[in-house]
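Here's the structure, in structure tokens; my notes come after.
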Amino acid sequence: CYISNCPQG
């Protein structure tokens, strides 16, 4: 995931 695109961590 990325800096502001990580819903699960």
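From the backbone N, Cα and C atoms, a Cβ is placed for every residue, glycine too.
Some features that Swiss-Prot has for this protein:
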- Cys1-Cys6: disulfide bond (DISULFID)
- Gly9: glycine amide (MOD_RES)
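Annotation note: Cys6 (disulfide bond) sits in a coil segment as assigned by DSSP. Secondary structure at Cys1 (disulfide bond), as computed by DSSP, is coil.
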